[in-house]
C-alpha cells in the first residue's frame with residue numbers, strides 16, 4: 001500500500017477510500033479523510049466513503065469526515081450522513097436559519113456540521129448566534145469549528161470574542177481563532193495575534209505567524225522578522241511566507257523601505273530555511289506578485305556557501321521565465337550574489353543547448369555585470385554564433401562592459 005504522502009500527491013481515490021474504510025489505525029483513517037477533502041475531484045465513491053466515515057467509532061475520524069465534506073461543499077451528503085435534510089428553500093438566509101437551529105442539537109457531530117456549513121454560507125446575520133455558541137459550547141471540536149466559521153463570515157464585530165479564545169483554550173480552538181483573526185484583519189485582531197507569536201506551542205506560533213501575513217500593513221513586520229530566528233524551522237518558513245505576502249500587499253510608498261528592512265534582517269540570519277522558503281514560493285506560488293518579490297529577494301539574501309548554490313541554481317532556472325520582471329530580477333539577483341560560482345553558472349546557460357534564447361540573452365546581460373576574461377571571450381564567440389538579434393544585442397552590451405571589442 002502506498003504511503004499517505006504518496007496518495008496525497010497522486011490523488012488515488014480508490015486507495016484512499018480503502019484506507020478510510022479498512023485501516024485499523026484511526027490516525028490513518030483520519031488522514032485519509034482529510035486528503036479526500038482536499039482533492040479537486042474526490043469522485044462519488046470518495047464522497048460516499050466520507051459519509052460512511054461520519055459513523056466511524058473514533059470521534060476524530062468522524063470530525064475529519066465532516067470537515068472533508070464541508071471542504072468539498074457537499075452539504076447534501078453531509079446532511080445525509082447525519083440523517084438530516086437540507087432545507088428546501090433556495091434562499092441562502094433560509095438555509096442558514098435552519099443550520100443555526102442545528103447548533104442546539106444534542107449531537108456534537110450535527111453541531112460541528114452546522115458550524116461548518118454556516119461558515120460556508122457566509123451569511124452575516126449568523127455571526128451573532130455563532131459567537132453566542134462559542135461562549136457556551138462545551139465540546140472542544142464544536143468550539144473549534146465555530147471559531148473557524150466566524151472567521152469565514154468575516155464580521156469584525158466578533159473580533160473580541162475570537163481574541164479571548166487565543167488564551168486559556170485547548171490548542172485546536174486557539175489555532176482556529178488565530179486563523180480566523182487573520183481573515184478579519186482588524187487592529188484588535190492584529191494585537192491579539194501579536195500576543196501569541198512567542199507562544200510555547202510551535203503549532204500556535206506557526207498559525208499566528210501565517211495569519212499575520214494577511215494584514216496589508218507594515219505593522220506585523222518587526223514581529224515576523226523576529227520569528228526568522230525561531231527555534232522551529234516550520235515557524236521560520238511561515239515567517240518568510242508572511243513577509244513576502246505583506247511586501248506584496250503594502251502601499252507602494254512603504255514598499256522600498258520595507259524591502260530594505262526585510263533584506264537586512266534576512267541576510268543577517270543566513271538560515272537555509274529562508275532560502276528554501278523563497279525557492280518554494282517561486283516554484284509553487286500561484287500569485288505573480290509573490291513570485292516576483294521572492295525572486296527579487298532571493299538574490300539579496302543568498303547568505304553563505306551553504307545556501308548560496310541553491311539560490312544560484314534557482315535563479316538561473318528563472319532566466320527564461322515568461323514573466324519579464326521575474327527574468328530580470330533573476331539576472332540582477334545573480335549579479336548581486338556575484339563571484340566565480342555565478343559566472344560559471346551563467347556560462348553554462350550560454351554554452352549548453354538546454355536553455356532558450358530568452359534565457360541566453362538574460363545570462364549574457366548578467367555576465368556583463370559579473371564576468372571576467374573567460375566570459376568576455378565566450379560572449380565574443382556568441383555574437384558570431386547566434387541567430388538571435390536579442391542575444392546578440394545583450395552580448396554586445398556585456399562585452400562593452402567587460403572591456404572587449406564591440
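Using N, Cα and C of the backbone, Cβ positions are placed for all residues, glycine too.
Database features, via Swiss-Prot:
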type	residues	note
REPEAT	7-41	repeat 'HEAT 1'
REPEAT	42-78	repeat 'HEAT 2'
REPEAT	90-127	repeat 'HEAT 3'
REPEAT	153-184	repeat 'HEAT 4'
REPEAT	185-215	repeat 'HEAT 5'
REPEAT	216-252	repeat 'HEAT 6'
REPEAT	370-406	repeat 'HEAT 7'
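Across 90-127, 153-184, 185-215, 216-252, 370-406, the stretch most heavily in contact with the repeat 'HEAT 2' (42-78), judged by Cβ pairs under 8 Å, is 90-127. Computed over the repeat 'HEAT 3' (90-127), the whole-number mean pLDDT of the model equals 92. Sorting the repeat 'HEAT 5' (185-215) by DSSP state (H, G, I as helix; E, B as strand; all else coil) yields 19 helix, 0 strand, 12 coil. Helix, strand and coil counts under DSSP for the repeat 'HEAT 4' (153-184) come to 24 helix, 0 strand, 8 coil.
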